[in-house]
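According to TrEMBL, the features are:
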type     : residues : note
ACT_SITE : C7       : active site, nucleophile
ACT_SITE : R13      : active site, nucleophile
ACT_SITE : D118     : active site, proton donor
DOMAIN   : 1-143    : domain 'Phosphotyrosine protein phosphatase I'
Amino acid sequence: MKILMVCLGNICRSPLAEGIMRHLVDQQELGWEIASAGTGDWHVNEPADKRSISVARQFGYDISKQRAKHFNRDHFDEFDLILVMDQNNLKDVLKLASGQEQRNKVSMFLPDDLEVADPYFDERLFEPVFLQIEARCKQLIDEIKANK
Ligand code: 4NP
């Protein structure tokens with residue numbers, strides 16, 4: 001299973017999802033590949049936002065070595081599942097898809113069309129966003145394992 005987490009800048013939300021998911025997947029020795037990317041290219045090659053690194057570290061995850069990448073069309077072939085944080089990410093990713101098979105790989109990260117709020121301009125959101133992403137990563141692992 002290869003999973004790509006996607007947000008806008010690839011410095012706040014999707015690096016958290018990548019780091020948390022990889023940590024949990026490694027703990028369970030599932031052998032899945034986890035990565036993340038942003039629909040925007042402003043932060044390419046930069047580490048995650050300090051506030052994401054910090055909240056992750058507080059809860060026992062190290063995301064400091066991850067670097068931002070820009071989402072591109074090749075990712076549809078490289079990954080089985082592309083999970084996006086909000087409706088704008090969904091629209092931007094689907095714009096680049098060619099064909100139903102590629103579109104079918106894309107889902108919202110949260111169930112029921114819920115969005116993960118962008119914490120970039122609101123410091124107070126980092127901890128709730130972290131907790132929401134961590135809880136969902138645990139659920140996703142169980143769901144994907146059950147569907148095998
Ligand atoms: P992210 O947050 O999509 O969760 O990484 C953002 C980071 C940077 C910007 C926007 C959102 N930005 O405009 O630079």
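Using N, Cα and C of the backbone, Cβ positions are placed for all residues, glycine too.
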> For D118 (active site, proton donor) and R13 (active site, nucleophile), what Cα-Cα distance in Å is obtained after rounding to a whole number?
Replying inline: 7
>> At a 10 Å cut-off from the C-beta of R13 (active site, nucleophile), count the other C-beta atoms across all protein chains.
In response: 35
> For C7 (active site, nucleophile), what residues in its own chain, 6 or more apart in sequence, show a Cβ-Cβ distance under 8 Å?
Replying inline: R13, S14, A17, S36, G38, T39, V84, M85, D86, N89, V116, D118
>> DSSP secondary structure for D118 (active site, proton donor), reduced to helix/strand/coil, please.
In response: coil
